[in-house]
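S.K.: Here it is, the structure, as structure tokens.
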Amino acid sequence: MGYTNVSILLGLLMVFVTPMVFADDVTPIPEGKPQVAQWFNANVGPLAQRKGLDPALVAAEAAPRIINVNPKGGEFKTLTDAIKSVPAGNTKRVIIKMAPGEYKEKVTIDRNKPFITLMGQPNAMPVITYDGTAAKYGTVDSASLIILSDYFMAVNIVVKNTAPAPDGKTKGAQALSMRISGNFAAFYNCKFYGFQDTICDDTGNHFFKDCYVEGTFDFIFGSGTSMYLGTQLHVVGDGIRVIAAHAGKSAEEKSGYSFVHCKVTGTGGGIYLGRAWMSHPKVVYAYTEMTSVVNPTGWQENKTPAHDKTVFYGEYKCSGPGSHKAKRVPFTQDIDDKEANRFLSLGYIQGSKWLLPPPAL
């Protein structure tokens, strides 16, 4: 057999042995941090190695459009103008590469513009910043970045709301950093800064990996179904401070927040992991490091006693001085392996259908 034929045969063999796999919606995130990257790579592979993704997503990823934004001059000088260039009813991935710098804009991505990616550089992350408040825009519309569309992704982006911290006296002082109301959204290595109501994790399936979220009160709130993996939750300010205010309203709702391999840090002490904003919140912390800033009771007492029987607050194999359970409120769920696995696998956010890694550009 000649060299040419051998080369062709080897090439064909490489094509046929390239793994094509379904992302596993069942395998839980491992307890050991060193194994998390392996789990992610095995279950959130690139498009070429995947089966079972939504057909619309597969079609959208076939020929991505890349556009550049630079405040100092480029294809677009503002992020708003770049987003305006995406047609309504968009059907293909649009990757907006953001140059380093500060973008003083109030940005909204409408529902009819799916498949948008905002991408910055990891060592010089662009900053989207605005100072909107509830008094001027209403709470959920005060965000510096509002995403209403599906299949959104953000990579290496900082989002801030620079409005002053609420003083307890000024009406309408809530000021969101971001509101995510679209379905199937992923955030990789992003940072969100605010005080009260930093992130409105509103509705839909969402995935946050290696992110940083800073705030004071209810700084992750809404009715989303979201997994936060390897994310730092940093609490600032003083007074009553609460991380999560999930807005579950009934036992039938499948939404909730899952914090996995996260780290709770902050200033002062007495921080609550969550509170019952509505009757049926669902919040789980797994493999999470809790520093001494966490209140020994863990969760805020319910103002409505009946909610003691309807909240679902789970803790699973967490660590650190803030994780001690001796003084936890009685409605804390010390969940077992079977129960925990629901919140530790991609099935919780339907990840096998839509979750992709950051683009390799």
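Every residue, even glycine, has its Cβ placed from backbone N, Cα and C.
The active site, proton donor annotation in Swiss-Prot covers Asp197, and the record cites similarity to another entry as its basis. The feature active site, nucleophile is assigned by Swiss-Prot to Asp218. Annotation source Swiss-Prot lists substrate binding site at Gln174, Arg275, Trp277, citing similarity to another entry. Among the features that Swiss-Prot reports, signal peptide is placed at 1-23. Sequence annotations record features per position, and here Swiss-Prot assigns site 'Transition state stabilizer' to Gln196 based on similarity to another entry.
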S.K.: How big is the substrate site in terms of the longest C-alpha to C-alpha distance among Gln174, Arg275, Trp277, in angstrom?
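M.R.: Of all Cα pairs among the recorded substrate binders, the widest measures 17 Å.
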S.K.: How big is the gap, in Å, between the Cα of Gln196 (site 'Transition state stabilizer') and that of Arg275 (substrate binding site), rounded to a whole number?
M.R.: 14
S.K.: Restricting to the chain of Arg275 (substrate binding site) and a gap of 6 or more, list residues whose Cβ falls under 8 Å of its Cβ, or answer none.
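M.R.: Sequence-distant Cβ neighbours: Asp218, Val242, Ala244, Ala245, Pro281, Trp299, Gln300, Asn302.
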S.K.: Can you tell me the CA-to-CA distance separating Trp277 (substrate binding site) and the residue listed as 'active site, proton donor', as a whole number of Å?
M.R.: 12
S.K.: Looking only at Gln174, Gln196, the recorded positions on record, which one has the least crowded Cβ, with the fewest other Cβ atoms within 10 Å?
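M.R.: Gln196, out of the recorded positions Gln174, Gln196, has the fewest neighbouring Cβ atoms within 10 Å.
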S.K.: How many other Cβ atoms sit within 10 Å of the Cβ of Trp277 (substrate binding site)?
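M.R.: Other Cβ atoms within 10 Å of Trp277 (substrate binding site): 18.
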S.K.: I'd like to know which of these active-site residues, Asp197, Asp218, is least surrounded, judged by other CB atoms within 10 A.
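M.R.: Per-residue Cβ counts within 10 Å for the active-site residues Asp197, Asp218 bottom out at Asp218.
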S.K.: For the recorded substrate site, whose residues are Gln174, Arg275, Trp277, find every other residue on that chain with a C-beta no more than 8 angstroms from the centre of their C-beta atoms, and list them by sequence position.
M.R.: Asp197, Phe217, Asp218, Phe221, Val242, Ala245
S.K.: Whole-number answer please: how many Å between the C-alpha atoms of Gln174 (substrate binding site) and Asp197 (active site, proton donor)?
M.R.: 6
S.K.: For the residue listed as 'active site, nucleophile', what is the secondary structure by DSSP, using just helix, strand and coil?
M.R.: strand
